[in-house]
Amino acid sequence: MFDQVYFSALSGNLLSFVTGTAIAWSSPTLPKLNDTDVGNIPFGRRIDSDENSWIGSLMPLGAIFGPFLFGFLADKLGRKVTLMSLAVPYIVSFLTLAFAEVVSLFYFARVLTGLAVGGVFTVFPMYIGEIAENKNRGTLGSVMNIFITSGLLFSYCVGPYVSIMAFNIILAVIPCVYLVLFFLLAPESPHYHVSRDNHEAASKSLEKIRAPGTKTDAELADIKLSIEKSKEGSVGDLFASRGLVKALTISVLLIVLQQLSGINVVLFYAQPIFQASGSSLDSEVASIIIGVVQFLTSFVTPMLVERLGRKILLYFSAIGMLIAEVPLGLYFYMLNNGDDVEAISWLPVVSLMVYIITYNCGFGPLPWAMMGELFPASVKSVASSLTATCGCVIGFLITKFFTSIADAMGMGPLFWLFAGFCGVAFFFTLLFVIETKGKNLQEIQDILES
């Protein structure tokens, strides 16, 4: 029988599903906005290349501001209230996209979507890290990626085959369902209650998310000790000790290297990439195949993370992504040079499948999961906000200028550049990342300070 903590995590992960649909939204939508049949375009005309890049990139731009806004609210209002509030910008943005008839409203809606995405990637790992136990923290943190990839797959499967209006109305319904379930099933974080000196509420929260009959006194004492060791933190406090600097460095660089592996390019532009490859496989079908592979492999990390640890999976992930992107770059290099690539037309799909599989085994879920483990409660909100913001800035820059850079240097060298960053990710993990498997949050702080 599942403990209540699993139901809390699963209900909250409906928000991760919504986030996945939002991330993949541009893949089936941008080809429609570029369609020669303008009767299906809400603006009555095709979008130009500049509008195309802005619609694709404004979500990560909005996500830059989400972490600090919702991180602040998580400290002031609580994790649960903040996570519930994140449904609102999703609902408003999807309904705006459903009925908008001018490009500027698409811009507004995508920025609003990004605001919510940035908030989810900041507050939800924080919440999971605080309600989980030592034995399942890695697993519960990694489950977020399963729901994100299922959301991606949903967009890939539904988006190409319904109108833009219908697609966005469907997407707007899901956060409404999330609001009801999360309100009913999820308690407030006991860490938040203790930080507000509400120890009775913290005790009740722990009792709700632990198995019946579980003694929670020792865990509550650990939470109190962790929070009492420091006051509520600011950005400056992150640089006050060697341990916090080390935690921030690990967290930020894991997220930045995740983005520099090229993941946003693959997710946002899956259909256009397959169209550019000249593959005989329909771009819509190829995107669905990639989505299915991503969804299925997202189950790997939750099953293995508490057995193998974080670092082993990060090693495997970095090397696998590198191996996948080198031949993908070669394919596009040959294609751009006019070489005959018909005999290897299968290579883009296979390379991206390998990339997605290995990404999902490590650098997809683990940087976000570890972000919820590396910081004490006093600075977790500001640290998570800063980390997520750094990732969103890199994600925006890559997404906004992907088409311009690809035109300037070619798709082949661009994927080789991404592969080079995967090599950097391997050595960074080897030299600097600590192993957190099986350790409570206080033990992790002790390791960082040593």
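Glycine is treated like the rest: Cβ placed from N, Cα and C.
TrEMBL labels come from automatic prediction, so no person has curated them.
Per TrEMBL, domain 'Major facilitator superfamily (MFS) profile' is recorded for 5-437.
Here TrEMBL flags 5-25 (among others) as transmembrane segment.
The transmembrane segment annotation in TrEMBL covers 54-74 (among others). Long-range Cβ contacts of the transmembrane segment (54-74) within its own chain (Cβ-Cβ under 8 Å, at least 6 residues beyond either end) map to 22-23, 25-26, 29-30, 33, 47, 81-82, 85-86, 103, 106-107, 110-123, 126, 192, 264, 268-269, 381-382, 384-389, 392-393, 395-396, 399-400, 402.
Annotation comment: TrEMBL describes 81-100 (among others) as transmembrane segment.
The transmembrane segment annotation in TrEMBL covers 106-128 (among others).
What TrEMBL records for 140-158 (among others) is transmembrane segment.
Annotated transmembrane segment per TrEMBL: 164-186 (among others), in sequence order.
Sequence annotations record features per position, and here TrEMBL assigns transmembrane segment to 247-270 (among others).
Summarising the annotation, TrEMBL assigns transmembrane segment to 285-305 (among others).
Summarising the annotation, TrEMBL assigns transmembrane segment to 312-334 (among others).
Summarising the annotation, TrEMBL assigns transmembrane segment to 346-370 (among others).
Annotation source TrEMBL lists transmembrane segment at 382-402 (among others).
Summarising the annotation, TrEMBL assigns transmembrane segment to 414-434 (among others). Under 8 Å from some Cβ of the transmembrane segment (414-434) lie the Cβ atoms of residues 246, 249-250, 253-254, 257-258, 260-262, 265, 310-311, 314-315, 318-319, 321-322, 325-326, 328-329, 332, 363, 370, 402, 405-406, 444, 447-448, all in the same chain and six or more residues away from its ends.
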- Take the domain 'Major facilitator superfamily (MFS) profile' (5-437) and average the pLDDT across it for me. 87
- Message: Counting Cβ pairs closer than 8 Å, which of 5-25, 106-128, 140-158, 382-402 has the most of them with the transmembrane segment (164-186)?
- Response: 5-25
- In the same chain, which residue numbers or ranges, 6 or more beyond the ends of the transmembrane segment (346-370), come under 8 angstroms Cβ to Cβ? 121, 125, 128-129, 137-138, 141-142, 144-145, 149, 250-251, 254-255, 257-258, 261, 263, 266, 270, 273-274, 277, 279, 281, 286, 289-290, 293-294, 297-298, 300-302, 304-305, 310, 313-321, 323-325, 327-328, 331, 425, 433, 436
- Could you tell me whether the transmembrane segment (5-25) and the transmembrane segment (382-402) are in contact, taking contact to mean 3+ Cβ pairs under 8 Å with a sequence separation of 6 or more? no
- Stretch among 106-128, 140-158, 247-270, 312-334 sharing the most Cβ pairs under 8 Å with the transmembrane segment (5-25): 140-158
